[in-house]
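Copied over from TrEMBL, here are the features:
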- 3-267: domain 'FAE' (DOMAIN)
- Cys123: active site (ACT_SITE)
- His202: active site (ACT_SITE)
- 287-368: domain 'Beta-ketoacyl-[acyl-carrier-protein] synthase III C-terminal' (DOMAIN)
- His289: active site (ACT_SITE)
- His293: active site (ACT_SITE)
- His322: active site (ACT_SITE)
- Asn326: active site (ACT_SITE)
Amino acid sequence: MLSTKFSGEVIRRNKHLGLNEYKFLLKAIVSSGIGEQTYAPQMVFDGREACPTYEDGIVEMEEFFHDSIDKVLKRNKISPSEIDILVLNISMLACRPSLAARIINYYKLREDIKVYNITGMGCSARLISINIVESIFKNEKNKVALVVTSESLSPNWYTGNDRSMILANCLFRSGSCVILLTNKMALKNKAMLKLKKLVRTHHGAKDEAYASCVQREDEQGNIGFHLDKTLPKAATHALVDNLKTIAPLILPMRELLRFAIALFMKKMNWGSTKGGPRPVINFKTGVDHICLHTGGKAVIDGVGANLNLTEYDLEPARMTLHRFGNTSASSLWYVLGYMEAKKRLKKGDKVLMIGFGAGFKCNSCLWEVLRDLGDGNVWKDCIDNYPPNTLVNPFLEKFGWLHDEDPDTFTMPDDYVIP
């Protein structure tokens, strides 16, 4: 776990940072919405983030795979030999044999298994994986698919001083999720959710959106993930276009008609709409729960404002960001897990998932809850502590003294004490 104390030690080890970079990181960490119990790969705790090995990335992923896959197969009483389709998405680690091949070898999956090993799709890869399985299910019956989602941080920890790339270290954390999908009627009674609709939007043809979130080298040759100032704008445009497509598929006609009339009146400057706020479509008329990607506090706040969501609606995303950080493509499942652990999900409820990713992409899907859900899942050891009384990160209290330092004389002490 990355406590405030240890985070400070990791920052101190980066010899490329000066006082201004320390202050920038202080502000970023304090305002990130991330708490004291997120996870990082082993090489960070070994002090090797500046020189990770190839094996670090492999071991990080295999620890997730073996733990998560074992649990989901055991819980559903599914044998590895029953798996017909394997979809794996790890964006920032490609190896030979592939990570999917390593799973096949470890679990001795069948020779005729359909395999898809996805890389480079970023945080939005989870719904891309679901879409692949959905397409196969339309043509093949009685199949069982295993979808494995994670991200490898070990070979991608940034050790330079470019502010736009340091941010990734503040936000991204280790995490993983494995789910089973099936169109086999014999397994219907075990199912938790049913996929109703899925929509994908890709703005890669727009230069600004394409460049808003990209892996690159800094001026010193350090590889990192650049988060541009245009990212919020790119995310907003992708979200709007995506919701324009999925809204008519999932919302009642009365809400679509109300919104269309309100929008028309606003454009014509008629009545009380003149000079007022832009009309907002109410997704809660057709959706009971909204599951947001934990891309950061600003992302959650922005989507909440655009969709006019309440703090109750945003709580699962905020708490997931606080407890687990941004776990990339697996984050939506942690958010869904929070809803399940809090016993919010009841039979017949509709859950809208919205995710973002480099490219720039926005993907969304609608699930129907098939039975009352209340498993503690990954949250079982801490769910009673959420939501906490405050989400304020103690980093400012511990490192606020940085604001009083003189840039001309500042040096980070080697033996400073953190209370």
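Even glycines carry a Cβ here, placed using N, Cα and C.
Using Cys123 (active site) as the reference Cα, a 10 A cut-off selects His293, Asn326 from the active-site residues His202, His289, His293, His322, Asn326.
Note: the Cα of His289 (active site) and the Cα of His322 (active site) are spaced 19 Å from each other. It is 17 Å from the Cα atom of His202 (active site) to that of His293 (active site). In the structure shown, the C-beta of His293 has more C-beta neighbours within 10 angstroms than that of any other entry among the active-site residues His202, His289, His293, His322. Within the same chain, the residues at least 6 positions away from Asn326 (active site) whose Cβ sits under 8 Å from its Cβ are Cys123, Leu171, Phe172, Arg173, Thr294, Gly295, Gly296, listed in sequence order. Rounded to a whole number, the C-alpha distance linking His322 (active site) with His293 (active site) is 13 angstrom.
Taken residue by residue, the domain 'Beta-ketoacyl-[acyl-carrier-protein] synthase III C-terminal' (287-368) breaks down under DSSP into 38 helix, 21 strand, 23 coil.
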